[in-house]
């Protein structure tokens with residue numbers, strides 16, 4: 001609207017700009033809400049268009065139905081596997097009877113189980129080869145069959161091997177004490193390895209008075225609930241108790257063990273050995289190789305003839321063929337059910353040697369498809385040789401020639417001749433480096449330094465003079481003359497060398513705990529030569545370290561994966577989907593090629609023989625990392641690169657590992673000793689094993705007894721895992737002037753100071769700084785820090801180098817003697833460093 005002004009001129013009206021506020025229009029209520037639309041449609045939806053909400057609800061229903069189907073399939077699979085165990089189509093229920101107390105008799109338990117009161121048919125002649133106290137039991141009443149064996153706890157290796165393949169363990173307890181100290185030690189090993197389904201049995205309860213039975217069972221249940229909180233205690237004094245135990249074993253829920261459920265395994269029930277023809281003619285006989293025929297029931301997964309088999313404690317071998325003899329323990333007592341043929345099965349007939357009936361050849365190995373026994377990569381010494389330089393290398397050489405330093409050469413010398421003239425300083429330095437390049441271990445230097453410290457401390461020990469020393473000697477002589485006969489007998493069994501070694505080890509561990517990674521700079525050698533393999537890092541977390549730099553020669557012998565986890569998932573998925581080969585529950589005979597006679601000697605000595613089929617790549621060597629935690633029963637310090645006995649899955653071997661921290665970074669600090677308060681990663685050269693798999697670490701004493709050191713699980717297979725060893729050089733502030741200070745005793749010559757000048761310094765009180773200049777020629781240096789130093793502070797320099805485990809893999813592990821509880825173990829905190 002145009003208005004008239006006072007002077008009669010027209011006035012222009014206001015025009016809103018772009019920033020004018022625009023309010024929402026009033027909702028007059030004439031639109032339809034979503035609820036009104038749904039009520040009008042009455043659930044009718046257009047076929048061509050679905051809303052986002054409806055599509056989401058439909059996907060939710062699909063996911064729910066899929067989850068229900070998977071749950072139902074898994075439940076059916078578990079029920080089928082449970083019903084198959086011990087039935088006609090599955091292997092017999094393998095039960096191992098283990099006594100956990102020296103005062104109980106496992107033989108009495110097996111005698112009661114095979115009695116006539118249980119109503120079973122006992123096959124004593126069809127027992128496990130090499131184990132006398134074993135028998136087969138058929139229960140027509142329950143339509144189940146069992147195989148019982150009594151395993152002694154004296155041989156820890158055999159106990160662990162049997163527990164790896166047994167379907168159930170029956171622990172025999174004492175009616176008053178439960179288990180003794182050695183029984184508790186055996187339980188620690190079994191729990192760490194993976195405990196299958198088990199049952200607790202005790203005898204002698206019926207001999208007590210009626211009023212004391214309830215109190216006895218209540219006291220025993222209180223003892224057992226520490227280890228077995230949900231286990232049921234079965235008294236076994238009559239045939240009725242034996243029947244209840246057999247019913248419980250046949251119907252209890254089977255516990256899954258990951259390392260055995262993914263691989264086919266077998267317990268040998270009949271073993272024969274046939275020497276090779278080549279060794280028979282040359283007089284090899286028992287010391288040569290031969291073919292080992294092992295008969296038993298297949299468990300876990302189907303067995304393929306082209307896969308390698310591992311005999312626990314003896315190594316990896318190849319199969320030549322698989323036979324199907326008659327089942328020695330048929331559920332139908334009249335006729336034995338013949339085994340079915342696998343794909344490509346042969347129908348040749350020959351005498352199996354066990355029974356009069358002929359056996360059937362299921363399958364033979366194909367040489368073109370059979371896996372090889374090559375455990376190490378072939379090393380080509382000329383693989384790293386260069387035949388002709390590339391264009392980029394020629395350009396780099398040309399730039400290096402142009403930027404090289406000026407040298408004084410005789411007059412008339414050409415450029416080509418000048419390149420062959422070596423500077424004197426450079427030659428001396430190179431010679432020193434070559435001479436010390438083989439020094440890859442600082443343990444000797446640490447030992448010498450610590451021995452020197454001990455001598456200095458002993459020589460400077462405060463006292464009251466020579467008279468006091470003479471009085472102490474007289475007192476010692478008097479005490480030695482007044483010793484009793486018990487003290488003399490105690491000293492007769494004391495190993496002085498072992499005591500000195502243990503004391504030295506305790507002092508090293510205590511020194512490393514008080515002064516972590518600190519090393520004294522040698523006086524008779526330049527620090528730049530002694531620590532030439534070390535380097536400084538600006539930040540241990542973020543500074544780069546090339547994992548492919550300066551690899552040792554042993555890395556050319558191992559195998560590595562581009563992605564270990566992806567390969568593991570693929571191989572385990574393929575193994576789970578396999579339906580070829582000898583199926584689970586079949587009684588077969590495996591012909592194993594080129595087996596030493598020592599395997600047969602082990603069977604003849606009464607040890608059980610267990611076999612497991614290896615997955616692809618599990619015979620090849622690589623760098624394995626194990627995550628372990630120190631066992632509470634062990635208090636002795638375990639040093640890095642010390643030989644230990646490993647139980648990893650079905651394998652056992654000896655090796656010298658290195659320890660490192662368990663972190664998520666790309667670099668990991670090496671630990672000199674196995675830490676008792678934190679999980680530790682153990683790195684070792686060993687055959688590849690796919691996790692999950694339990695790990696047990698033992699240390700063998702001089703008397704042959706093996707102590708349980710640590711337990712854990714398999715972590716990964718990664719040769720590129722960087723483990724850095726740290727050393728700390730320490731210095732003392734001599735003169736302090738605000739932020740600058742004169743530091744001494746870190747180096748002892750001027751050249752070392754200039755060599756390590758770029759490395760950052762730190763102090764125990766949290767100061768950071770760097771070396772500014774060297775003062776004089778005796779190792780004094782001027783340093784600048786971010787704040788003033790206290791007079792009691794210590795200046796430190798961190799240096800790092802990458803370390804690798806030594807190649808000491810040995811598949812032979814000697815037998816362990818029965819464990820004895822060690823009394824009077826010296827605690828580290830109570831040890832006198834002086």
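From the backbone N, Cα and C atoms, a Cβ is placed for every residue, glycine too.
The annotation compositional bias 'Basic residues' is assigned in TrEMBL to 21-33 (among others). When DSSP labels each residue, the compositional bias 'Basic residues' (21-33) comes out as 0 helix, 0 strand, 13 coil, counted as helix, strand and coil in that order.
The compositional bias 'Basic and acidic residues' annotation in TrEMBL covers 34-43 (among others).
Among the features that TrEMBL reports, compositional bias 'Basic residues' is placed at 52-63 (among others).
Feature annotation from TrEMBL assigns compositional bias 'Basic and acidic residues' to 367-377 (among others). Across the compositional bias 'Basic and acidic residues' (367-377), DSSP assigns 0 helix, 0 strand, 11 coil.
The compositional bias 'Acidic residues' feature in TrEMBL is assigned to 422-458 (among others).
Taken from TrEMBL, the feature compositional bias 'Acidic residues' applies to 468-479 (among others).
Feature annotation from TrEMBL assigns domain 'Bms1-type G' to 91-255.
Annotated region 'Disordered' per TrEMBL: 1-78 (among others), in sequence order.
Annotated region 'Disordered' per TrEMBL: 367-388 (among others), in sequence order.
Per TrEMBL, the feature region 'Disordered' maps to 416-492 (among others).
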Tertiary contacts of the compositional bias 'Basic residues' (21-33), defined by C-beta under 8 angstroms and 6+ residue spacing from its ends, are 40
Count up the helix, strand and coil residues in the compositional bias 'Basic and acidic residues' (34-43) according to DSSP, in that order.
-> 8 helix, 0 strand, 2 coil
